[in-house]
Amino acid sequence: MTHLRKSHPLIKIINHSFIDLPTPSNISAWWNFGSLLGICLMMQILTGLFLAMHYTADTTTAFSSVTHICRDVNYGWLIRYLHANGASMFFILIYLHIGRGIYYGSYTLSETWNIGILLLLAVMATAFMGYVLPWGQMSFWGATVITNLLSAIPYIGPTLVEWIWGGFSVDKATLTRFFAFHFILPFIIVALVMTHLLFLHETGSNNPSGLNSDSDKIPFHPYYTIKDIMGFMFMGFTLLFLVLFSPDLLGDPDNYTPANPLNTPPHIKPEWYFLFAYAILRSIPNKLGGVMALLASILVLALFPILHLSKQRSMTFRPISDCLLWMLTANLVVLTWIGGQPVEHPYILIGQLASISYFLTILVLMPLTSMMENKFLKW
């Protein structure tokens, strides 16, 4: 078996990626999220496939088909809620994965980091389109509001919006194409994940110390496969607890009302995992400015390798930078809360202050702190 594992052209690739992969001996549980995201992606593709077998992408029957899945299909309710809450799980894991990358300076592996940003954008696009498919009130109005943002693009904006809609409003054509994109994007994500891993295995993994670990590596299997299984159990337990006890905890009650173009919901808001970006979008009174801030809130991640001015890679031994990162985390929690609140005083002001401090922390305070720490350490 060993011979085949190391000689067979296809099995050899799997062997070098998951079995004999030289891995730093000191990586912590923070390095489990990559494998958890892989499992989550597989689960989303499988549950999505089974949902697609019963779903109809037509404005007149989409809502009813989702109801039919929940009521009449064997374990349809389970598949539907696993898929919906699996998306929430996916984003929790992604945000933790990115947070770990920032804390331990993994963004210095710039190719892996940039592919990761592309992955984040692809996952966000997929989740947004998936939210439109049940054709509830929030699906319809969410699609209308978010696609309408493109009209802020000078000159070509309005034409672009109508082109995406496939008409003069969000309708059957929009739903059909969103379903098509929602189906194809996960497979593009799988290809990007493979590229992400390819670049990662070119350089080798980072580790909590931020130092070169070439002199102290161990095989991935059995040490980290066992460790990953523990992560799978934790994730599986959390997800099942959510699905079986409170499946609608993270959803919006408005989405249990069929889409009605003549009736606007009192508060249009996206799913919880987009609320921080939505709060940044809303905190700028100008439409184009808001759209640019929305994009910047995600694309600012691409600047991390450039803004890294510290002589140390990791934040493990940099207490001031460490505090700043936790302040940034708290700031994101505040933005998430504000994104779900109505546009009125004092929420508008809190949102604007949180948006300013978000960009200020990343673009100004973190690089300055890095330079200051270098001075303290006489580097």
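Every residue gets a Cβ built from N, Cα and C, even glycine.
Taken from Swiss-Prot, the feature heme b b562 binding site applies to His83, His182. Residues or ranges marked as heme b b566 binding site in Swiss-Prot (evidence: similarity to another entry): His97, His196. Annotation comment: Swiss-Prot describes His201 as ubiquinone binding site, evidence class similarity to another entry. Summarising the annotation, Swiss-Prot assigns transmembrane segment to 33-53, 77-98, 113-133, 178-198, 226-246, 288-308, 320-340, 347-367 and lists similarity to another entry as the type of evidence.
Features per Swiss-Prot, on structure.
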residue	record	Cβ contacts under 8 Å, 6 or more apart
His83	heme b b562 binding site	Gln44, Thr47, Gly48, Leu51
His97	heme b b566 binding site	Phe33, Gly34, Leu37
His182	heme b b562 binding site	Gly48, Thr126, Met129, Gly130, Leu133
His196	heme b b566 binding site	Thr112, Ile115, Gly116, Leu119
His201	ubiquinone binding site	His16, Ser17, Leu21
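Below 8 angstroms of C-beta separation, residues 48, 55, 57, 62, 66, 87, 90-91, 94, 98, 101, 106-107, 139-140, 142-143, 146, 174-175, 178-179, 181-182, 185-186, 188-189, 192-193, 195-196, 199, 270-271, 273-274, 298-299, 301-302, 304-305 of the same chain, each at least six residues beyond the ends of the transmembrane segment (113-133), sit close to that stretch. Proximity of distant same-chain residues to the transmembrane segment (77-98), defined by a Cβ-Cβ separation under 8 Å and at least 6 residues beyond the stretch ends, is recorded for 30, 33-34, 36-37, 40-41, 43-44, 47-48, 50-51, 66, 69-71, 116, 120, 123, 127, 130, 235, 238-239, 242-243, 247, 250-251, 271-273, 301.
Comparing 33-53, 226-246, 320-340, 347-367 for CB pairs under 8 angstroms to the transmembrane segment (288-308), the maximum falls on 347-367. Note on the transmembrane segment (347-367): residues 279-280, 282-284, 293, 296-297, 300, 303-304, 307-309, 321, 324-325, 327-328, 331-332, 334-335, 338-339, 341 of its chain, located 6 or more positions outside it, place their CB under 8 angstroms from a CB of the stretch. Long-range Cβ contacts of the transmembrane segment (178-198) within its own chain (Cβ-Cβ under 8 Å, at least 6 residues beyond either end) map to 17, 38, 41, 44-45, 48, 52, 55, 57, 112, 115-116, 118-119, 122-123, 125-126, 129-130, 132-133, 143.
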